[in-house]
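S.K.: Quick one: this structure, given as structure tokens, is what I'll be asking you about.
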Amino acid sequence: MEGGLSSFWGPVTAAEWCEKNYVYSSYIAEFFNTISNVPCILLALIGLINALRQRFEKRFSVLHVSNMILAIGSMLYHSTLQHMQQQGDETPMVWEMLLYFYILYSPDWHYRSTMPTFLFLYGVGFAIVHALLRFGIGFKVHYVILCLLCIPRMYKYYIYTEDASAKRLAKLYVATLFLGSICWLADRLFCKEISSWYFNPQGHALWHVLMGFNSYFANTFLMFCRAQQREWDPKVVHFLGFFPYVKIQKPKSQ
């Protein structure tokens, strides 16, 4: 949306959201949509520290790093509203879903080298095509399909998990996804009405914050499930009484 200050980055070449551009700085197009990615980075960093400190498998460290890369890409996109930066936001979104797909399905995949090879080639191929073409609605449909492919496995993990605290993580994952989706849709579909309000609730910025927590809850739940598979005696504990993370006890042989 058009704002007040002049643009350091030039004319807008990417998709805009329901926030006035360059209101607070000539260097930041959508201020709230940019800074709302900071909690995502911090939550992913906390998850990464926990994964490294307890020596979880490298896949989880890579997952947390991918969350941070995605948030940084989103910051660059919303601060500049340039097409190249939008691609730098969207491509890591697909890569991240491919990584979730690997973490969810690889434990029962008998041909261990085929899945990572296929997912790697798929990710590289998508990045090349996405750099050359504008997808628009096609990207959103593609991304939703990747998300839907992960749901059956997440549900299977949920029903086979007996720990109440771990199940609560899965419920928080669903709740944040639901609330975040409402914020995203409201910001996208009702921008004209929202723009006439005295106060803009910044639905897309709320989506970022909720998705930061969503990713953290999903990652923590998957770390618990994987620790159960490896018989590491996982427990969901809470820092300061409310912030959940997984604590494991590996056998001495490991």
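Count begins at 1; order follows the chain as displayed.
Glycine is no exception: its Cβ is also placed from the backbone N, Cα and C atoms.
As annotated by TrEMBL, Ca(2+) binding site applies to W17, E19, N21, E30. Sequence annotations record features per position, and here TrEMBL assigns Zn(2+) binding site to H78, H204, H208. Residues or ranges marked as transmembrane segment in TrEMBL: 31-49, 61-81, 118-137, 172-190, 205-225.
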S.K.: Can you tell me which parts of the same chain pack against the transmembrane segment (172-190), counting only residues 6+ beyond its ends and a CB-CB cutoff under 8 A?
M.R.: 17-18, 154, 201-204, 206-207, 210-211, 213-214, 217-218, 221
S.K.: Using a Cβ-Cβ cut-off of under 8 Å, list the residues of the same chain that are 6+ residues beyond the ends of the transmembrane segment (118-137) and lie near it.
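M.R.: Hits for the transmembrane segment (118-137): 83, 87, 90-91, 94-95, 98-99, 101-102.
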S.K.: Give residue numbers and ranges for long-range contacts of the transmembrane segment (205-225): same chain, 6 or more residues beyond its ends, CB-CB under 8 A.
M.R.: 19, 32-33, 35-37, 39-44, 46-47, 50-51, 56, 60, 63-64, 67, 71, 74, 100, 103-104, 154, 157, 161, 163, 166, 169-170, 172-173, 176-177, 179-181, 183-184, 187, 234, 236, 244-246
S.K.: Would you count the other C-beta atoms found within 10 angstroms of the C-beta of H208 (Zn(2+) binding site) for me?
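M.R.: A count of 25.
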S.K.: Going by Cα-Cα distance, pick out whichever of the binding-site residues H78, H204, H208 is nearest to E30 (Ca(2+) binding site).
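M.R.: Answer for the nearest of the binding-site residues: H78.
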S.K.: Please identify, from the binding-site residues H78, H204, the residue with the sparsest Cβ neighbourhood, meaning fewest other Cβ atoms within 10 angstroms.
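M.R.: Across H78, H204, these binding-site residues, the one with fewest Cβ atoms within 10 Å is H204.
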S.K.: Excluding H78, H204, H208, please set out which residues of the same chain place their CB within 8 Å of the center of the CB atoms of the Zn(2+) site, keeping sequence order.
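M.R.: After dropping the recorded site residues, what remains is W17, E19, E30, F32, N33, T34, S36, N37, S74, A205, W207.
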S.K.: If you draw a 10 Å sphere around the Cβ of W17 (Ca(2+) binding site), how many other Cβ atoms fall inside it, taking every protein chain shown into account?
M.R.: 22
S.K.: Could you round the CA separation between H204 (Zn(2+) binding site) and E19 (Ca(2+) binding site) to a whole angstrom and send it over?
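M.R.: Pair distance, Cα basis, whole Å: 9 Å.
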